[in-house]
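Take a look at the structure set out below.
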Amino acid sequence: MAAAPDLSALEARIGHRFSAADLIEAALTHVSAAQGKRVSYQRLEFLGDRVLGVVVANMLYGAFPDADEGELSRRLADLVRKESCAEVALEWGVEAYVRVGESEKQNASVNRAILGDVCESIIGAVFLDGGFAPAQRVVTQAFEPRMRSPRRPLRDPKTTLQEWAQARGLPPPSYRETARTGPDHAPEFTISVEIAGFQQAEARGFAKRLAEQAAAAAFLTREKIVEPGDRKGAA
């Protein structure tokens, strides 16, 4: 099978360097891609869901001393729902690293749900790798900003990039497959994205759609674009 993209960049975005590489590998593997000795993220997701709930509940308890149990429960449910976890996973850029089977690669809605699961599985992996303190730090870094400020739903990177280009009168982003490695049953794609007047960005993923999203995310990061109209990109 093709080698996974460099995990050090992902670890830097998560905020934890893994001592046990098998934990982060498992956290990124959907059950549809678990074959032979490869373990899926299901058990880690179960654990991460509980760790996430405890850390966020503790954050809310300290941040809102006048809130009653009902308000705290509503805030907790909003922060730890799958959509919120998927947003965190997108911010971490996990879509380029997730391993899924062929049956899942073309299902965008399932992949969105998978991203939420992977966020929780990564939290579980951090907990097993380093204990509660590192897991608390990772969760706090990712979820505390959501707790303290209302926000618009995070768009996927391809949509954000296309809207950014359109708002500036630029041609739409152009995606191109530049390499394909690995066996036929588990290929890894390298995709580049280009907008006229800008340097292309490139990323890898275990499905074309995921590699395109990762390339768009790389472009957005390099040009310091958050949402169209929210922050100016390069001139």
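Backbone N, Cα and C define each Cβ position, glycine as well.
Pulled from Swiss-Prot, these are the features on record:
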type	residues	note
DOMAIN	7-131	domain 'RNase III'
BINDING	Glu45, Asp117, Glu120	Mg(2+) binding site
ACT_SITE	Asp49	active site
ACT_SITE	Glu120	active site
DOMAIN	156-225	domain 'DRBM'
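In this structure, the recorded positions Glu45, Asp49, Asp117, Glu120 were compared by how many other Cβ atoms lie within 10 Å of their Cβ, and the smallest count belongs to Asp49.
Under DSSP, Glu45 (Mg(2+) binding site) is assigned to a helix (H, G or I) in the three-state scheme.
A gap of 5 Å separates the Cα atoms of Glu120 (Mg(2+) binding site) and Asp49 (active site). As a summary of secondary structure, the domain 'DRBM' (156-225) carries 26 helix, 20 strand, 24 coil according to DSSP.
Under the DSSP three-state reduction, Glu120 (Mg(2+) binding site) is assigned to helix. DSSP places the residues of the domain 'RNase III' (7-131) in helix, strand and coil in these numbers: 93 helix, 2 strand, 30 coil.
Residues Tyr41, Gln42, Leu44, Phe46, Gly48, Asp49, Cys85, Gly116, Val118, Cys119, Ser121, Gly124 surround the recorded Mg(2+) site, their Cβ atoms falling within 8 Å of the Cβ centroid of Glu45, Asp117, Glu120, which are themselves excluded. Mean predicted confidence for the domain 'RNase III' (7-131): the pLDDT average there is 87. Annotated pair Asp117 (Mg(2+) binding site) and Asp49 (active site), C-alpha to C-alpha distance, rounded: 9 Å.
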